[in-house]
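Data block below; observations after.
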Ligand SMILES: Nc1ncnc2c1ncn2[C@@H]1O[C@H](COP(=O)(O)OP(=O)(O)OP(=O)(O)O)[C@@H](O)[C@H]1O
């Protein structure tokens, strides 16, 4: 039995809770659904003859997809079929020739790449032209020109974007190439887990699986290497991974917030190796480049329809100088405020309002609850609104508890204040969340590693 069939009851109960469905809606639309078959990564769901496939598709397709992913940890496409549908007959008689649209993941999706981060969407300016040229050279001839390629620069300046661009370029040219992109946090946490499994069950295959995953690549990209902090076993393992790939002529690309010589926690033998290839820095963009990045974003996100006046764009580019993520965030915020403000115009006062909450690294960074929320949300790839919401799926509830814990331990906030900051959570929820993380952090080395990385992101000092 496939995991979706096995957990179907749990999936629909989750849907009911998450979307606050009344008993009537649930019993009318959801309860009668049946899993008919699973072909590749598509779940075929039967809708009974009394219901409308169109209605269910419109209303429940996406929620159901999310709930399936929440409960099973796997992503599936969904196809609803009516019991009367003659496609069903075809399916029964010839399942392999089914009319179900098969969707196979592209190599880039499998490699975990952001489709938006390509060379085409990267604006080249004086701050990054060397790093860009080096990245392009490596993408054109991986393993041949600069190995390793070491990219460094401050927060939000485009290191990850360039790394993904290289990976996309290589896979576009040859989808069979083995390309793996991970953060150093993932590398560390997977190693900890593999070592733990080896220890508890005496099962050495976990560690050999880990080694296979990292060594069996044509291109390995490791982001934010500065977070391989003070962990001897991780540095040791990475040293061997590096040697293995390098001696077999495979390309290694590393990013960091500092050049190798300035990463204090790095072992000397790794530092030397990182200096073997080419080191390229990315610095903060100048005004013209910031304007060009804003224009590019308008084009890519189809924001032309808002006719943002030039002086408003100039105002943003003049005020957000050292972090491109914040530059983009300002534009998003501006549009969001404009949409809320039905009567208004897009003008400088609105832009000033949008910039109010942007924590610019130009100013001295104070550790505030808002900063912690921003960093936790960014770390887990969710939004601050998710953290403040009442959503209970683990992907959000767990980061929320981490945010509670960090706000409580890194700022002077009381339990009550933490609850308010997180969208009005009550005292006992906050207390439970904080205690849970505090006790798990002591026992669970992976969680401890993740929390330390987030702490460093909040307060690099
Ligand atoms: N030159 C550029 N052209 C267009 N977009 C850019 C450019 N540089 C950065 N960006 C955008 O800015 C955002 C932040 O970039 P990215 O995540 O690559 O930064 P980073 O240096 O890896 O940050 P961190 O230090 O937090 O890991 C992304 O949305 C990225 O697309």
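These residue numbers are counts, starting from 1, taken along the chain as shown.
Cβ from N, Cα, C; glycine included.
In TrEMBL this protein carries:
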- 1-94: region 'Domain I, interacts with DnaA modulators' (REGION)
- 145-280: domain 'AAA+ ATPase' (DOMAIN)
- 156, 158, 159, 160: ATP binding site (BINDING)
- 339-461: region 'Domain IV, binds dsDNA' (REGION)
- 368-437: domain 'Chromosomal replication initiator DnaA C-terminal' (DOMAIN)
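In the shown protein chains, 24 other C-beta atoms lie within 10 A of the C-beta of residue 158 (ATP binding site). Per DSSP, the secondary structure of the region 'Domain I, interacts with DnaA modulators' (1-94) breaks down as 51 helix, 18 strand, 25 coil.
When Cβ atoms from all protein chains are considered, those within 10 Å of residue 160 (ATP binding site) total 19, not counting its own. Within 8 Å of the centroid defined by the CB atoms of 156, 158, 159, 160, the record's ATP site, lie the Cβ atoms of 153, 155, 157, 161, 162, 255, 282, 324, 325, excluding the listed residues themselves. Across the range of the region 'Domain IV, binds dsDNA' (339-461), the DSSP-based residue counts are 83 helix, 0 strand, 40 coil. Ranking the binding-site residues 156, 159 by the number of CB atoms within 10 A of their own CB puts 159 at the top.
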